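*Asks:* Before anything else, here's the structure in question.
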Amino acid sequence: KETWDFVLVSDNHERGSEKQIKRKKFLDELRKRRFSIEKIKDTKLFHGVRGPEDIFDKYQHLQRKADSRQQTSSAHEEVPEATRIRIVNFILWNTVTSDSEKLHDLMKKKVFEAAFPLHKKEEVRETLMEKWARCGLTFKEQPINEIREYFGEKVALYFTWLGWYTYLLTFAALAGVVTLVTGITVFGSSQVSKEICDASTTFMCPLCDQNCSFWVLSDTCTYAKVTHAFDNEATVLFAMFMAAWATVFLELWKRKRASVVTRWNLYGWDEDEEELALQLINNLQHKPRQYQHSYFRSTIILILALLLLMAMIGIAHMLVIYRAVAMALLAQSEVALLSNNANIVAVITGAVLHYITIVIMTKVNRRVALFLCNLEEPRTLCQQENSFAVKLFIFQFFTHFSSLIYVAFFLGRINGRPGEYVRIAGRWRLEECHPSGCITDLFIQMAIIMVLKQTISNIIEYLSPLIARLLRRRRKRPKKRSMMLEEEEEEAEHPCKRQWLNNYELNEVNVFSLLNEYLEMAIQYSFTTIFVAAFPLAPLLALLNNIVEIHTDAKKMMRLYRRMVPRRANDIGIWLQVLEAIGILAVIGNGLVIAITSDFIPVQVYKYMYSPCKRDNSTGIDCSTGYINNSLSVFRIQDFEPHTKVLPEFRGHQIKECRYRDYRNADDYTHTVQFWHIFAARLAFLILFEHVALCVKLVAAWYIPDVPRRVKNKILSKKHEDILNELSMMEYVTEV
C-alpha cells in the first residue's frame, strides 16, 4: 500500500481557467523535483504528495555532519515519519512556480484550499489513542516518546513541560489549602473580626450621597470573618513559599529539559543549521537571509503597542466607573437584598464584566500582535513565533491584570474622605474598602475570573472544534443514492480516498496552535503566582484545570484537528524567559499585596506601637484589642457636602458623628502620625520582603544546577570519545 507525506486539496476548477493553470504549474514544479503525485477526485480534488528518497538521504547526511554527537548510522536507514513530513512541508511551502508564486500565494488566491499531513492508522497512533487521548487516564504517565515520534519534539516538549508543571502544582496547591484551612480554623475567630461582630454601636458613614442611611459595623460580621480567614500571618509565609516555589519549579524544569533532550540527542541541536539544511536541500542556489534590525520599524511597533496598552488602561478605567456607578445605584435600591449587599454585587458584576472584556480583547490583541509581528519582519519562523508570543503575552497580561491592579493597589485609597470625596464627573463617588480591608475584593475578582476562564473558556475551546467538525462533515460530504455505486467503484480504485476525506473533514491546524496553548498556561501561571497572597486557592484551581487540560488537548490533537506538522526543538523557547519574568513580578506583586492591600502591616504597627500591650505592658490580653476602633476615623455629619442628603436619625439614635476607614484627626481631618508610621512600615516591609524573596530565588537557582551531573558527564564522555576517535584516525592515516 502506497503512503503519502502530504495532501493538497483544491476545488474542481474548470479546465483552462486561471486557477487550474496555476495549480498545474505548481504540481509540475513538484514533479520536476521528482515528487510522486496521486490525484483523487471527489466533491474536492485531492493530490497526494510523496517526496523522493534522495532529499531524505541528503537531510540525514547533513544532520550527521552537523551534529558530531549523534550516533553514526547507516545512510540507508529508514527515515522517521515525522522527519519526512517536516521536510516535505518545508519544500511545499518554499517551492516557487514560473509565475514567482509560492503555496501561500496560491492558497490566498483559492487555487488550493488546504495542505496537511495525514493522521494514519499506524502503530504509534494507536498507542496514543489508547494511552493518551481518551478518558480515564488522568493520573497515568504521558507516553512522551510516542508523542515525539508522532508530533515531533516541539509538541513533546510542551506536554513534558505541562506534565512537570502540573506535578509541581500539587505542592503549591497543598500549601494554599493548608494556608486557607489555617486561616479558617486559627484566625477565623481573630480579635479583629470579633470586634467587628461586636461593634453594634459603631455607626458608619453612608455609602452613597442620596437616600442612603448610616449602617452598623456589626452588620458586616460575616464579611469580616471571611476576610480574616486568608488575610493573616500565614499569608505572608505562603507568599514567601510561592516565591521560592516559582524559582524551584523553573530550575527543576531546566534539569528535566536537559535530561529529555539529551536522551533525544538534541542537546546541542542548532535551529539555524536545521533551517539552512532544509533551504539548501530545497535549492542549492539559496542565499541565507541576513539578520537585520530597523530602528524606524521598532519605533513604530513600540508606539502602536503603547497605544493599545493605553486603550487597555482606558478599559480598566471604564470598569472602575462601572463599579462606582453600580455601587451608588445599588445602595439606593429599594430592594433590601441589593442595597444591603451593594458592594459585593458591584464587585461580582464588575468581575464578570472584566471577564467579558478579556474574551473580546483577546481577539483584538491577537490581530494587533500578528500585525506588529509582520511589521517587524522576523527572519525565521521561530523568530516570528517568539516575537508574536512576547507581544501577545504582554497584551493579554495587561488585559487580565489591569483591573486587578486597580482593585489591589488603588481601591479605597484614592476615594477621598467624607465631605471631600473624589468623584467621577463630579457626581459618583469612588468605592471604599470595608473596615476589615480590601483584600476580599481582590479575592472575589481573581476567583471569578479564574473559575470562568477554566470552565466556560475550556468548554468552548473543546466544543467549538467538535461542532465545527460535525458541520464540515455534513456540509462537505453530501450523499446521493444514485452515486453510491460510482463511489464504491472509485473507492476500490483509490484505497486512500476515505482516509484523505476523513483527514480533510478535521479542523485546520493553525501555525500558532501550540503557541496558544503556551499562552493559556503562561496566563494561568501568572494567576497562580502573582497576587496569590490574596487568593491561596489559585494553585489548586490551576492543578484541577491542568489535569483535565492535558487529556483534552490530547483528544483535540488526535481526534478533532488535522495532524500538526512535526517540528524539532530542544527547549520551550521564549516561554522560559516569560516564566522567569512572571516569577520576578510575582515577588513584587505579592510584596505589594501584603504591604498595601492586606491589613497585615496596620495590625502589626498597632500591636507594637499603639495597643494595650504597648501602653500597659500587659501580656494577658490580645495585643490587637481595640484595633478596629483605632483604625476608624470620626466624621461630624454637619461637615457633609451640601448636596448630600442623610437623615440624622438612625434606628432610634440621633447621629452626630459617623466613622470611616482612615487615619485622620477629628478636628481638621488631616492625617495622623499613625498614618505616616503605617506608611513607613509598609515601605520597609515591601523592601525587606522583596529583597529576602529575591535572595531566596537566587540561592535556589544557585543550589539547583540547570543541567544534571549525569547529563554533563555524558556529554563530556562523548566529546572525549569523538576527539580520541579523530586522533586515532589521524595516526592510522599517517602510518598507512
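Glycine too: its Cβ is placed from the backbone N, Cα and C atoms.
So TrEMBL lists these for the protein:
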DOMAIN    74-144  domain 'Anoctamin dimerisation'
DOMAIN    147-715  domain 'Anoctamin transmembrane'
TRANSMEM  164-187  transmembrane segment
TRANSMEM  234-253  transmembrane segment
TRANSMEM  299-322  transmembrane segment
TRANSMEM  342-361  transmembrane segment
TRANSMEM  388-411  transmembrane segment
TRANSMEM  522-548  transmembrane segment
TRANSMEM  569-596  transmembrane segment
TRANSMEM  683-704  transmembrane segment
*Asks:* Count the CB pairs under 8 A between the transmembrane segment (388-411) and each of 164-187, 299-322, 342-361, 522-548, 683-704, then give me the winner.
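*Replies:* Going through each listed stretch, the top one turns out to be 299-322.
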*Asks:* Provide the three-state DSSP residue tally for the domain 'Anoctamin dimerisation' (74-144): helix first, then strand, then coil.
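*Replies:* Split by secondary structure, the domain 'Anoctamin dimerisation' (74-144) comes out as 30 helix, 3 strand, 38 coil.
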*Asks:* Does the transmembrane segment (164-187) make contact with the transmembrane segment (569-596) through 3 or more Cβ pairs under 8 Å, each pair 6 or more apart in sequence?
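*Replies:* Answer no: the transmembrane segment (164-187) and the transmembrane segment (569-596) share fewer than 3 Cβ pairs below 8 Å.
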*Asks:* At a C-beta cut-off of under 8 Å, are there same-chain residues at least 6 beyond the transmembrane segment (569-596) that contact it? List them, or none.
*Replies:* 152-154, 157-158, 161, 235-236, 239, 242-243, 246-247, 250, 253-254, 257, 261, 264, 266-267, 269, 271, 382, 385-386, 389-390, 393, 408-409, 413, 439, 442, 518, 522, 525-526, 529-534, 682-683, 685-686, 689-690, 693-694, 697
*Asks:* Which sequence positions outside the transmembrane segment (234-253), separated from its termini by at least 6 residues, show Cβ-Cβ distances below 8 Å to it?
*Replies:* 161, 164-165, 168, 171-172, 175-176, 179, 182-183, 186-187, 529, 532-533, 536, 539, 576, 579-580, 582-583, 586-587, 590-591, 593-594, 598, 600, 689, 692-693, 696-697, 700-701, 704, 706
